[in-house]
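These notes concern the structure reproduced below.
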Amino acid sequence: MAVGILEVSLISGKGLKRSDFLGKIDPYVEIQYKGQTRKSSVAKEDGGRNPTWNDKLKWRAEFPGSGADYKLIVKVMDHDTFSSDDFIGEATVHVKELLEMGVEKGTAELRPTKYNIVDSDLSFVGELLIGVSYSLLQDRGMDGEQFGGWKHSQVD
């Protein structure tokens, strides 16, 4: 099993649907990978419809690991101060091939790509620009000559 760092570059959003009657939204993104959730900052400019984050979110990722769901669930939320946050929509980013390539080559990258955001009715509510990379961590364990705590020496 290989261990590495999965990094998501959350760049921007475009045409996000308003969830408030007042027309302004304060969008942020929650990204879940294998039960671990990371949150972006809240974008405040442009009334929230075309936000820019430029955030980097990271996970420790094992491949192959437990379970078969090698995907990122990306949820766009509207931050509300006096009530619970509103769900705007979500997208799924599949990363299995990225992890496979990263394990094979040491590093792999999905260049920034547009992902459609859909709401609970599967209606289009905007898009996100997201890049993803995976970098294998160096093996800090055996050096090839150590076994069970003993290091073999050569006898002449």
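Glycine is treated like the rest: Cβ placed from N, Cα and C.
Marked as Ca(2+) 1 binding site by Swiss-Prot: Asp20, Asp26, Asp78, Asp80. The number of other CB atoms found within 10 A of the CB of Asp78 (Ca(2+) 1 binding site), across every protein chain shown, is 20.
Asp80 (Ca(2+) 1 binding site) carries neither a helix nor a strand DSSP state and counts as coil. Cβ neighbours within 10 Å of Asp80 (Ca(2+) 1 binding site), excluding its own Cβ and spanning all shown chains: 13. Here Swiss-Prot flags Asp20, Asp78, Asp80, Asp86 as Ca(2+) 2 binding site.
Around Asp86 (Ca(2+) 2 binding site), a 10 Å sphere centred on its CB holds 16 further CB atoms from the protein chains shown. Annotation comment: Swiss-Prot describes Asp80, Ser83, Asp86 as Ca(2+) 3 binding site.
The domain 'C2' annotation in Swiss-Prot covers 1-108, and the record cites sequence analysis as its basis.
Per DSSP, the domain 'C2' (1-108) is made up of 14 helix, 55 strand, 39 coil. Note on proximity: of the binding-site residues Asp26, Asp78, Asp80, the one nearest Asp86 (Ca(2+) 2 binding site) is Asp78, by Cα distance.
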